[in-house]
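Accompanying notes for the structure given below.
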Amino acid sequence: MNIIYAIDLLGTMVFAISGAMAGHRKGIDIFGSTFMAFVTAIGGGSLRDIFLNIRPVWVEDGNYLLAIFFGVFISVIANKQLYSLAKTFTLFDAIGIGFFTVVGTQKSLDYESSSIAAIMLGMFSAAMGGVIRDVLINETPLILRKEIYASACLSGALLFVLLNYWNFDNGWNAFISASLVFLIRIISVKYNLSLPVVEMKKEEQL
Amino acid sequence: MNIIYAIDLLGTMVFAISGAMAGHRKGIDIFGSTFMAFVTAIGGGSLRDIFLNIRPVWVEDGNYLLAIFFGVFISVIANKQLYSLAKTFTLFDAIGIGFFTVVGTQKSLDYESSSIAAIMLGMFSAAMGGVIRDVLINETPLILRKEIYASACLSGALLFVLLNYWNFDNGWNAFISASLVFLIRIISVKYNLSLPVVEMKKEEQL
Amino acid sequence: MNIIYAIDLLGTMVFAISGAMAGHRKGIDIFGSTFMAFVTAIGGGSLRDIFLNIRPVWVEDGNYLLAIFFGVFISVIANKQLYSLAKTFTLFDAIGIGFFTVVGTQKSLDYESSSIAAIMLGMFSAAMGGVIRDVLINETPLILRKEIYASACLSGALLFVLLNYWNFDNGWNAFISASLVFLIRIISVKYNLSLPVVEMKKEEQL
């Protein structure tokens with residue numbers, strides 16, 4: 001349990017750093033950047049919990065907010081070093097979304113969502129923080145652009161639910177499913193892969 | 001009960017088709033279009049349920065998500081045919097918002113919202129999915145543009161609450177109120193009607 | 001209790017006026033402006049209540065929605081006079097966010113959030129309505145621009161939680177903390193103050 005909790009806080013911090021950096025890049029003040037960090041780190045899990053009709057974990061456990069402030073602090077004092085770490089960041093982010101996907105899917109199943117909703121909500125946990133962040137700064141959300149990001153999460157959540165259904169060992173299931181998210185994400189970045197688009201005559205309006 | 005459930009799934013599917021088509025038109029990949037379908041079909045009802053502090057129906061009943069996937073599937077295989085059906089679609093959409101308005105208003109009253117909140121939440125059920133969809137793709141939401149859409153829903157919800165207050169037969173009430181939404185929507189599209197705007201000196205800022 | 005309730009309704013109305021005026025300025029129809037009024041007045045508190053997993057107060061108490069409609073009505077009949085009152089409005093708004101910050105922080109503590117979450121949620125209560133409003137009309141939210149607004153709320157919420165922790169008299173605490181919000185806001189508007197931005201090389205992308 002303790003290691004899960006530690007990874008959860010660490011993942012929250014990494015997401016907070018990425019949110020705060022997006023704010024700094026946009027020339028947003030330190031308060032706004034902290035808000036962006038918060039939204040990025042907390043948004044996905046909160047949305048999952050709201051749909052499950054339970055209280056998001058950060059409302060009662062202050063450590064999550066402290067992890068976010070610590071992430072913002074790092075983004076301020078180390079912003080120049082962080083730029084040269086872009087590749088490392090993609091790596092950490094890929095680990096992070098793998099982890100959050102598995103944790104989110106498990107939590108949804110624990111709170112008796114249907115299997116198919118658990119897959120959606122697992123993906124939401126990992127990917128929706130970034131969507132809300134992008135909407136706030138008026139950019140088209142990542143999820144609607146060509147990169148493979150949320151679909152990597154979805155694949156992992158699907159695998160997790162399937163293996164769970166077949167009574168596969170839970171620890172191994174978590175590890176394998178998170179690894180699948182990680183691998184799909186890393187491979188798609190490395191080879192610049194994307195999903196197909198349905199062709200339409202764009203001049204026509206429905 | 002069974003016919004309500006069937007119409008509810010059908011309405012969800014129609015909304016999903018319209019969301020997915022909006023995605024295809026924007027050149028969004030198949031995953032993003034599915035996400036758009038989900039948001040359009042589920043957004044309004046989920047928001048209503050979140051305000052009522054109950055769990056959205058799709059979290060436990062997987063059929064709603066299946067209806068959405070089926071809608072996306074149709075939007076992919078039949079996207080050319082669907083274009084020539086634009087008028088039919090406006091028709092279906094008008095039926096859909098009538099139905100969702102009535103169902104949403106009834107559900108809000110069932111869960112002991114005030115009458116005035118039930119009217120708002122009934123309108124939300126039908127119209128907010130499209131608002132969230134538009135915000136995601138960075139367009140000014142329909143509700144803030146000149147077309148009569150959400151206000152048609154509001155009229156129907158108002159009528160439903162009034163007739164309900166006067167102990168009018170529930171089945172007839174549902175039929176009449178949904179028809180009102182349908183008629184206002186269809187007539188306003190046909191005659192290109194819009195609501196008045198309050199004139200302001202636009203150069204001044206408050 | 002009664003005076004708190006009256007101020008709460010009054011604050012809701014003032015926020016509704018400001019939301020409706022934003023709608024009129026954008027050339028949005030009367031329905032859309034009412035929607036904007038609703039979102040601005042109700043958005044922050046509703047978000048706080050959703051995170052606390054309780055039902056927003058306006059769902060059961062219709063007076064809040066009536067206060068909003070009354071605010072919209074005022075914005076329509078008195079829109080020319082309201083322009084010449086811009087300064088008065090900044091004043092009222094500053095009183096409003098002070099009040100909503102304190103009420104929101106207190107409510108969060110009452111519902112057993114952590115202290116640090118109560119500070120966040122107190123700020124949310126006052127500032128998030130405007131954020132949602134700005135997202136809807138496709139503008140960069142106030143919270144992400146240079147003005148000191150949400151950070152004033154945050155300071156007040158922080159002070160309230162600290163004084164509360166030290167068992168300071170609740171009435172005086174509320175008054176002092178709300179005054180802090182008011183003063184920071186008014187002084188920052190008068191002297192055009194802003195928070196620092198973390199410098200980054202903007203051409204680089206993480």
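Each Cβ is built from the backbone N, Cα and C atoms, and glycine gets one as well.
Whatever TrEMBL says is automated annotation, not expert-curated.
Residues or ranges marked as domain 'Glycine transporter' in TrEMBL: B:6-78 (among others). With DSSP states grouped into helix (H, G, I), strand (E, B) and coil, the domain 'Glycine transporter' (B:6-78) comes out at 61 helix, 1 strand, 11 coil.
Annotation comment: TrEMBL describes B:91-164 (among others) as domain 'Glycine transporter'.
Summarising the annotation, TrEMBL assigns transmembrane segment to B:6-23 (among others).
Within the chain carrying the transmembrane segment (B:30-50), a Cβ under 8 angstroms from the stretch's Cβ atoms is held by residues 12-13, 15-20, 22-24, 56-58, 64-65, 67-69, 71-72, 75-76, 100, 104, 107-108, 121-122, 124-133, 136-137, all 6 or more beyond its ends. What TrEMBL records for B:30-50 (among others) is transmembrane segment.
The feature transmembrane segment is assigned by TrEMBL to B:62-78 (among others).
If one looks beyond the transmembrane segment (B:85-104) by at least 6 residues along the same chain, the residues whose Cβ comes under 8 Å of a Cβ in the stretch are 4, 7-8, 11, 14-15, 18, 44-45, 48, 121-127, 149, 152-153, 156-157, 160, 174, 177-182, 185-186, 189. Per TrEMBL, the feature transmembrane segment maps to B:85-104 (among others).
TrEMBL lists B:116-136 (among others) with the feature transmembrane segment.
Same-chain residues lying 6+ beyond the ends of the transmembrane segment (B:148-166) with a Cβ under 8 Å from its Cβ atoms: 97-98, 100-102, 104-106, 109, 115, 118-120, 122-123, 126-127, 130, 142, 173-174, 176-178, 180-181, 184-185, 188, 193-195. If you look up TrEMBL, you'll see B:148-166 (among others) marked as transmembrane segment.
As annotated by TrEMBL, transmembrane segment applies to B:172-193 (among others).
In the domain 'Glycine transporter' (B:91-164), helix, strand and coil residues by DSSP number 60 helix, 1 strand, 13 coil. If you take every residue in the domain 'Glycine transporter' (B:91-164) and average the pLDDT, you get 88. Long-range neighbours of the transmembrane segment (B:116-136) within the same chain, counting only residues 6 or more positions beyond its ends whose Cβ lies under 8 Å from a Cβ of the stretch, are 15, 19, 22, 36, 39-45, 47-48, 51-52, 96-98, 100-109, 142-143, 149-150, 153-154, 156-158, 160-161, 181.
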